[in-house]
Structures are given as C-alpha cells and as structure tokens.
Amino acid sequence: MRFDVITIFPEYFSPLSASLLGKAADKGLLSFGVHDLRDWAYDRHRTVDDTPYGGGPGMVMKPAPWGEALDDVLTPESRLVVPTPSGRPFTQAVAGELASAPHLVFACGRYEGIDSRVMAHYRDVVEVHELSIGDYVLAGGEVAVLVMVEAVSRLVPGVLGNAESVSDDSFAPGRMETLVEGPVYTKPPVWRDREVPAVLKSGHHGKIARWRRDEAFRRTAALRPDLLARLDPKALDKHDRRLLAELGLGDLAVPGRHALDG
Ligand code: JAH
C-alpha cells in the first residue's frame, strides 16, 4: 500500500522510517512519499497562505499550490484524506475501510485551514475523507496524519508480526467499539506488595475468559458508558446480564431495547 503526504513540515514525518512502519516499508508492504507543498508554490517566497476573505484572525492556505500538488500526486485510484477538527470521526472502522485502498494521499492543513474550493473540486475527482481524530484543535494536520497512517498500516496484511494479532484488540473490526480491554499482568507474581489476580495463574481457561470479560464490562461501565449503551443485548449471556445488573446497568440487557436508544 502506498501513502503520500503533502505538508509544509516534511520533517514531522521522520517517524515513518522508524519502528513498525519502517520495517514494513523495508519488506515492501508499505511505501511512503513525503512532499513539501512549497515545491508547488512558484512565487519568489514560495507563499502558501493569504488573508481570509470576509476578515477574521489568522491566515488561510491558498488554493493554487494545493491544486498543483494534488494534480501531480493523485491518481484515479487514490483516496484523499484531510485531517480537520470539523471532519467525520476517524474510528477503527474508518481505518479498516482505508486499509483496503491501494493509495492514500494525506493533505496537511496549517493556519485556519485550506481554501474550501480545493476539497469542493477534488470531491468531483476522487473519494475525499475529511476526518477528525478527536475534539481538540492542533496546530495543523501533521500529527493527525501520523496517527491515521499508524492505525491504517497495522491493518495491512503482514505489517504486524505473528505475536501481535489484529483480531484480539478491544477495538478490532468485528468486536469493534464494544468493550475496552481489562487489565493485563506479567512476571513477577508480586510487585511492590501487589499480587497478580489468582485466577490468571489458575490455568483454568474458562474461568480466566469469564474474569477478563467481567473486568472489561466493569472498566467499560466506568470509563466508556457510551460504548456500553451501544452494545447489542443479543451479545449478552446470563452472566453478563447479572453483572450489568450489579453495576446498576440492568436496563441495558432488556430484550427489545435497541442500540442507540440510550
Ligand atoms: C488544525 C489544520 N482532529 C484533530 C485535528 C485535526 C486537524 C487539525 N486540528 C485538529 C488542524 C489546524 C489546521 C488542521
């Protein structure tokens, strides 16, 4: 799979040659291109921004350099990904959809954003995804692109080692956005007077699975009630319903309740 990034800060993307992604690139599973938007700005100062029509604070990215850059980098197979705080939420499901594309082109905005005519134009040319990685404002799209490239890359077959598996994740497609994972432990069995829960050392695989599921429910109820509210009641067994009742969430398990009813 091919990734191209267009940015005025190409140096932000040196992490792409490190670690998991660098190894996958060495193996030929992924390839990366990072491009300086100013290479498509032809005035003396390679200007990429200008004052906003209608007034207001800050600067807006000029359409011409973006048009020249995107005309060069996009192919008919590309999807164009644009991080913006006003985008659709980037979720594990979106990462999974993007991972099936042969070519992703990422456009990193800075300042107050990119002149709106640019995306209006490219929506007529390729699939455009304006995406948000969370409800906060960054200085530009670069860090959000690193997040999205990592989340998408690890879903490409062969990128993860055999030791790490995609499907066990609390947010993996299939059991995505269901429960958060419970706690994990490794050696030693006692650390600073804190013991590893006895059930995990019992060797009783049925009890271990049940305990992990209970802990996942407890944690999800405490930290991500929005996820619990979306659970399909058909995915709950008798034990789950009893635990949810103990947590004061018994109404989640009522048959006939629909996801998103709240
Ligand atoms: C800020 C262009 N969802 C996080 C996010 C993504 C992009 C930006 N901010 C936050 C951003 C300034 C200019 C993009």
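Counting starts with 1 at the first residue shown.
Backbone N, Cα and C atoms are what each Cβ position is placed from, and that goes for glycine too.
Caution: TrEMBL annotation is automatic and unverified by curators.
As the structure is a computational prediction, the values presented were derived from the model and not from experiment.
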Candidate from Gly96, Gly109, Gly182 that TrEMBL assigns to the same S-adenosyl-L-methionine site as Ile133, Gly134, Asp135, Tyr136, Val137, Leu138: Gly109
Packing count at Asp135 (S-adenosyl-L-methionine binding site) (other Cβ atoms within 10 Å of its Cβ): 7
Cβ packing number for Val137 (S-adenosyl-L-methionine binding site), 10 Å threshold: 6
Cβ atoms near Leu138 (S-adenosyl-L-methionine binding site) (within 10 Å, other residues, all chains): 15
